[in-house]
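Data block below; observations after.
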């Protein structure tokens, strides 16, 4: 399976009533453990799935010879039929379809948790996974079991083998008009999160082109919601919706829904999550209303839309169950904190300029709030990687104000020998490619440091272009090693150096010979061993975050 990120997410909510249950039973779906076929274990299934990945050489050929993107959507219909399903079967599902550039997963996580607070059963598909492939399919908020994944994988695999014909390779999509996920014809409601520049080779190199692609999920007569966007892409979304008679609404800010009521507490940290929560509330309310639920939030005074602009979505009072859902939302790898002894891990899979700006604001706010040690030094470490056609130099430049003492770069490989962990295998790139890219990251970082003209770090905070005032960081005397950076061959080696054995749960065997055979690594080890507090930001790639979580939280692999 390609590890390219799928930029469209599905959330299917069903009531526990019998009619919907019969559909699930007829399709052979079950949440209970199932008996395994001989020698058909989970890792065997994932290894077989990985053999279907587009390898690096073929991927390059496809990029050069890419034809009509509409053919991918047509091919998806053929694959669906070969699996024993028809598009009409999908029409019976109560689907919420979300796309965008950043915040898709968080928005779906908020929405899914809100709907579960109403007693609904939910199914949630997202991509990519962090630790295990089965995370991509969640039932009632939990990844499906390895037994259930294995059972249905082999059932589908054998059916496709039996009906094999010569068809074009179907690539995992990135959301929008020609994405394979757009085979859904009758969603209940759609949503578009914040848009930005990403995947330019497929979506286009302007915000307008990207907005046109993302607006491809709109369906005639199906309500759709979006958050505040720049004028040009917002106009494209509006025109796209009008052309097919899709009612499109602009979400009011979360603050408007809080007026006259208690502040809303979110389970996900970061100011940018308020935009995702505002969209989730509108999407969830629309779904509930269309399914006949009366308790879907009392309307407040309406706010008129300005001429030529999108109509505003309703301003309503979130119900107690909605508030509960927002408060209890969990979505690993996004603005996630892990406190372990002297180490605090800040995990966020930001990989676009806009999401990295949000990540930096969250990280600095979290540093501002954290308790300072009574004595001893604090060390800030960046663990970074970036993949695909993303501009890593631009992402690293945004991270400069965080005043890192060390910048560590490594591929998205949990360990050098990944044969025992099929979930982390990736055949779309070669080892040489990922290591050379890490060296390029290091060169960008060093160049940025050399070119940086540091302003006074204790000056009065100014207003940022797209967010609240900058936060004044706590006193952080510069070290002589402030420009130091290192490249490691895998995540495990990077974590061994960063933790220096001080993470109470991450206790790998002794580091391999030569791991510290570098002046920076040797001197930095002493600094890390003596530090009273170590703050580690892991960002740039969700796959990197997933590899770190696999090593820091072994329970996620069970």
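From the backbone N, Cα and C atoms, a Cβ is placed for every residue, glycine too.
Heads up, TrEMBL stuff is auto-annotated, nobody curated it.
TrEMBL assigns the feature region 'Disordered' to one of the listed ranges (408-428, 429-449, 450-470, 471-491), namely 450-470. If you measure from the Cα atom of residue 334 (ATP binding site) to that of residue 127 (Mg(2+) binding site), you get 14 Å. Each residue contributes its Cα atom, and for residue 348 (ATP binding site) and residue 127 (Mg(2+) binding site) those atoms are 15 Å apart. Taken together, the residues of the domain 'Mur ligase central' (98-245) have an average pLDDT of 87. Helix, strand and coil residue tallies for the domain 'Mur ligase central' (98-245), in that order: 67 helix, 21 strand, 60 coil [DSSP].
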